[in-house]
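If you check TrEMBL, you get these features:
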DOMAIN    1-215  domain 'Lipid-binding serum glycoprotein N-terminal'
DISULFID  CYS118-CYS157  disulfide bond
DOMAIN    230-431  domain 'Lipid-binding serum glycoprotein C-terminal'
Amino acid sequence: AHQQGITVLQKELAQLKLPDISGDHRVRHVGKVHYELSSLDLRSFDLPYSRISLVPNVGLQVSISNAFAEVDGDWRVKLRFIRDHGSFDLKVENIYIKISLKLGSDTSGKPTVDTSDCSTRISQVRVHFSGKFGWLYNIFHSVIESRFRKILEGKVCENVVSSVHSELQPYLQTLPVTARIDDMAGIDYSLVAPPTATAQSLDVDLKGEFFSLAHRSAVPFSPLALSFPPDHDCMVYFGASSYFFNTAGFAYHAAGALVFEITDSMIPKDIEFHLKTSTFSAFVPQLETMYPDMLMKLRLSTSSAPFLTIGPGGLSLKPVVDIQAYAILPNSSLAPLFLLSVVSNVSAVIDMKSSRIVGNLTVGRYGGGAVQEGGWGVRTLQSIMNILASSILLPRLNARLDQGFPLPLPDRIQLFNVLVQFHQNFLLLGADVRYQPR
């Protein structure tokens with residue numbers, strides 16, 4: 001922020017437009033002199049020493065010291081019947097600028113920034129006039145220098161306020177309030193409060209909530225407070241709570257996305273069984289007589305959104321999956337066979353890729369079938385479900401998770417040196433920041 005901000009500010013200040021200066025001055029033993037300074041050209045404006053510091057509960061303060069500028073221009077003089085003109089060089093040294101930036105948020109939840117205070121102090125202005133009557137100007141150069149100092153001090157702060165509104169504020173507004181994920185869901189990244197400055201960091205609380213595009217409804221659980229570890233090795237940290245991930249499950253469940261149908265044609269060729277009634281007759285014997293050797297369809301769904309937990313060991317969930325089995329009759333209609341509710345142990349690996357949170361799921365053994373625990377039928381069912389999950393269901397889910405979900409970043413920000421840590425109730429992502437200019 002310091003590097004890019006000062007670069008922009010220096011460029012803006014170097015383009016300052018200075019007004020012509022004119023006036024009358026009475027010189028002792030000489031009389032009233034009318035002078036004009038015109039065609040003022042700011043050749044350079046350099047900011048060699050600057051820093052940005054945090055002001056707790058306010059925002060940021062930009063301090064610039066020992067800045068300097070050079071100005072060229074033309075002068076014109078009128079003394080009684082004498083008229084003359086020439087050029088001048090003006091050097092402005094020891095310029096001190098202090099800018100206070102107040103951070104906030106607007107009604108849409110986007111961050112805002114405003115200049116709450118700006119002061120400029122110039123300690124030295126030196127002007128040299130050339131021309132036939134340059135000596136005359138040099139007599140009252142202090143008047144010229146004083147006027148020029150006041151004009152430049154006002155112009156600098158005027159330019160700073162303008163730059164904050166025209167450059168910094170629009171850039172902060174590129175932080176996304178919402179991100180469309182796919183045809184079913186989006187993420188709400190709006191600020192729930194203005195950014196807070198502390199002595200060590202700038203903290204921004206974002207909603208971090210998935211929602212269904214078709215119908216947005218209230219989330220039936222509350223977010224948990226995050227307690228960040230006292231690390232400051234990375235430039236930026238993102239805390240994604242279990243609330244963030246659970247609203248994803250809630251949104252996709254509400255959108256009907258957590259329903260999967262499996263048919264025999266979807267089973268990979270290298271797996272040595274078919275989705276037929278004969279396969280399941282081991283624990284439902286009557287299938288052989290009622291629907292002999294017929295193809296089947298399985299419809300997997302969850303009666304409620306899956307709820308996950310995050311701890312130091314990682315991310316896990318135990319969804320209850322309803323498996324409705326159908327026989328596909330000769331006329332292509334479906335005959336319901338049985339309904340099983342099974343519990344699965346699912347664990348997730350979370351990482352970052354191109355500023356997106358990506359994931360990969362692994363599924364443990366299914367349990368809780370509809371027949372006596374420990375029987376041959378249960379073991380067969382577990383084997384079948386594990387095969388279907390690992391060969392069909394997981395690849396589809398992981399392909400979607402590998403596309404990832406975008407982090408809320410302003411334009412042209414790239415993350416690198418990423419670290420991923422699991423803490424109680426939240427995932428911590430740390431990274432360094434690289435800014436890509438236009």
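The count begins at 1 with the first shown residue.
Cβ atoms here come from the backbone N, Cα and C positions, even for glycine.
Around CYS157 (disulfide bond), taking its Cβ as the centre, 17 other Cβ atoms fall within 10 Å, counting all chains. Long-range C-beta contacts of CYS118 (disulfide bond), restricted to its own chain and to partners at least six residues apart, with a cutoff below 8 Å, comprise ILE97, LYS98, ILE99, SER100, CYS157, VAL160, VAL161. Across all of the domain 'Lipid-binding serum glycoprotein C-terminal' (230-431), the predicted model scores a mean pLDDT of 87.
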